[in-house]
Amino acid sequence: MTTIVSVRRNGQVVIGGDGQATLGNTVMKGNVRKVRRLYHDRVIAGFAGGTADAFTLFELFERKLELHQGHLVKAAVELAKDWRTDRMLRKLEALLAVADENASLIITGNGDVVQPENDLIAIGSGGPYAQAAARALLENTELGARDIVEKSLGIAGDICIYTNQFHTIEELASKA
């Protein structure tokens, strides 16, 4: 799997992910970019799960963003509906963490679109470790969103065997 973490703080929203791709118990690649900018660089998205499945979902999500003029929530809901109801899409195994200047969301193949508490997202096999680290840093430090994401990914990479220390991090200015 992987670790993707997103933090929103002090006018910034940041999503970061590690770069490890595994096949069974073998590391196949260590520098996969699991976090991308979409829709004219106004949306950032990260994936946990099968790489091919995730890239398919990125393409579909970008189309939904275009269709709905970049409205993140509407595009996310439409993707989740299609993902849940389409027979072929239902087989895709991935989770998406997406964010724009206004909202941070998790999109699942079960049709869920969740805006998490405190705009903190952590998904993938290292998600629980990254979430615990990010939450502690949010509650007990004045660190910025990027620093929290970097430190959380580092901690997850030290603990989770499916997460490495190659990080891709994207950030946007945030209204929330």
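Every residue gets a Cβ built from N, Cα and C, even glycine.
DSSP assigns THR2 (active site) to coil in the three-state reduction, placing it in neither a helix nor a strand. For THR2 (active site), other Cβ atoms within 10 Å of its Cβ number 29. The active site feature in Swiss-Prot is assigned to THR2; the stated evidence is sequence analysis.
Its Cβ taken as reference, THR163 (Na(+) binding site) is surrounded by 28 other Cβ atoms within 10 Å in the chains shown. As annotated by Swiss-Prot, Na(+) binding site applies to GLY157, CYS160, THR163.
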Should GLY157 (Na(+) binding site) be counted as helix, strand, or coil on the basis of DSSP?
helix
Just give me the nearest neighbour of THR2 (active site) among the binding-site residues GLY157, CYS160, THR163, Cα to Cα.
THR163
So if I measure Cβ to Cβ from GLY157 (Na(+) binding site) and keep only same-chain residues at least 6 apart in sequence, which ones fall under 8 Å?
THR3, ASP18, GLY126, THR163, ASN164, GLN165
